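A quick write-up on the structure given underneath.
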Amino acid sequence: MRAHRHPAARVALGLLIPILLLALWQAQAEVGGARALAFVPLASIAAAFAELAASGQLLTDAVTTTSRALTGLVLGASAGVLLGIAMGLFRSVDRLIGPLYHAIRQVPLLGWLPLIGLWVGNGEAAKLLIVGLAAFYPTVLNTYEGIVHAERRNTDVGALFGFSRAQLLRHVLLPGALPLILTGLSQAIAFAWIATIGTELLLGAGAGLGATMSLAQAQQRMDVILVAIAITGLIGFTLNTLFARLRGHLLRWQPAIA
Amino acid sequence: MNVTTLFDTPAAASPPIDGALTIAGLSKDFTVGGRSLPVLDGIDLVVRPGEFVSIVGPSGCGKSTLLRLVAGLDTDFAGEIRLDGKRITGTDLDRGLIFQDHRLFPWMTLEENVGLALLNSSIPKAQRARIVAEHIALLNLAGFEKAYPHQLSGGMAQRGAIARALVTEPKLLLLDEPLGALDALTRIHVQTELQRIWLRQRSTMLMVTHDVEEAVYLSDRVIIMGAKPGRIRRIVDIDLPHPRERSLPQLHRLRDEILAELIQPVPTPGEPENLVRLPVREAM
């Protein structure tokens with residue numbers, strides 16, 4: 001068995017480069033002068049972390065941002081799956097909405113910010129709308145592809161056993177599309193997380209990791225920014241890992257790729 | 001094994017009365033590149049209830065298409081197909097179809113796959129689990145109920161497909177090269193099982209195969225089809241009792257006779273017949 005197959009060895013290997021980067025960081029900080037402003041010493045970052053954690057702000061920010069991301073994700077992804085199914089099942093819906101969807105998809109999300117600000121202001125609704133859209137796009141596309149490219153070999157079997165359209169959808173089309181739907185969802189999670197931080201940065205105000213970053217920038221608190229960045233990365237990584245587990249469970253019927 | 005011996009003896013059932021297939025004047029065209037191409041031309045065939053009929057013929061003679069039409073998966077054809085006098089206009093649980101690949105849904109366990117066939121059957125829900133278990137046992141798959149298709153060997157998956165096709169107790173079972181993808185040894189095993197099951201269920205069987213020996217071993221009649229367009233060239237009676245011994249000299253003679261017929265070039269109108277004839281093996 002090769003060394004990195006061992007779980008502990010694998011974790012150690014994954015931590016190798018981050019630790020090297022941190023060492024490099026600390027070295028830069030100790031050079032002093034202008035460098036020290038950009039490369040805050042690790043000790044200061046740890047102090048800022050302790051300060052934010054003690055005041056409860058860090059927890060509030062993390063919870064606010066995570067629940068905002070998940071709310072947007074659930075709204076956007078469920079709308080996306082439903083539209084993807086409708087477009088995949090009914091050619092009329094595909095013809096009616098498909099071109100519009102593909103055109104709108106080309107506009108970067110942040111491009112909508114001014115318009116959305118005008119329509120719904122820059123409060124919670126605007127943030128959720130952006131996050132929801134970020135989750136919506138990849139879900140529609142992948143669900144649609146999964147339904148449309150259902151294999152004839154499977155639909156024939158459904159026909160033989162006299163499945164109705166609803167039975168075909170439930171027992172053949174949806175399970176067949178599940179791998180692609182889950183691919184869409186994992187993209188949606190990544191995009192929703194990025195969009196959440198982005199809208200918080202741009203629309204500021206209130207709690208949230210992005211809002212804290214934005215405020216810290218105005219106050220020139222580099223240490224606080226770095227704490228917020230680290231927590232953002234950590235939560236994003238956790239969400240991804242959890243979803244990968246769920247995906248593995250839902251697709252346990254697939255032969256192992258290894 | 002218990003199950004095997006239980007079903008080994010042919011049931012002393014009265015001859016089946018259901019499952020009479022009548023095909024009359026059946027023709028089917030495919031449109032290829034804007035041109036109409038005849039695939040089947042004037043097929044007439046009567047299959048008696050409980051009869052085992054095999055179809056052999058060169059690739060492209062339309063034998064798989066014929067099965068799809070009888071199954072009701074394709075309803076665009078000229079002529080008539082009737083099962084027990086009832087005109088076929090689509091799929092129905094009174095007909096089952098087994099494909100060359102098992103086509104079990106990969107996202108369901110064996111048990112769920114077999115059970116799903118009963119989704120629209122009139123069998124009461126309370127009895128379904130028992131019937132599914134019985135059919136899994138009938139195909140010697142007991143113990144693999146919770147296995148996903150990718151965990152089964154090719155032969156086991158195909159037996160699972162046979163269990164799924166039988167669970168609705170179709171009057172007519174269509175088999176489209178059901179054993180074509182199996183290795184030689186597994187194929188012989190599943191052939192023996194097919195014969196055993198057929199002797200027990202006595203549903204009508206219509207099987208397409210490339211394996212003439214398999215056709216002769218299992219069938220009451222073998223239909224030899226010709227290509228371009230697909231039509232029936234000859235029907236060979238295999239007038240031997242079931243279950244049969246593979247080593248019967250009569251079977252070998254019939255196999256050679258059918259092979260000879262298949263190898264023989266058929267003069268097609270417009271084509272010269274001055275082709276070199278390959279020597280045909282002598283009948284043993």
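For all residues, glycine too, the Cβ spot is worked out from N, Cα and C.
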A:72-91, A:172-191, A:192-211 - the range that TrEMBL marks as transmembrane segment: A:72-91
Matching range for TrEMBL feature annotation, transmembrane segment, among A:39-60, A:149-170: A:39-60
Proximity verdict for the transmembrane segment (A:39-60) and the transmembrane segment (A:224-243), three or more C-beta pairs under 8 Å: yes
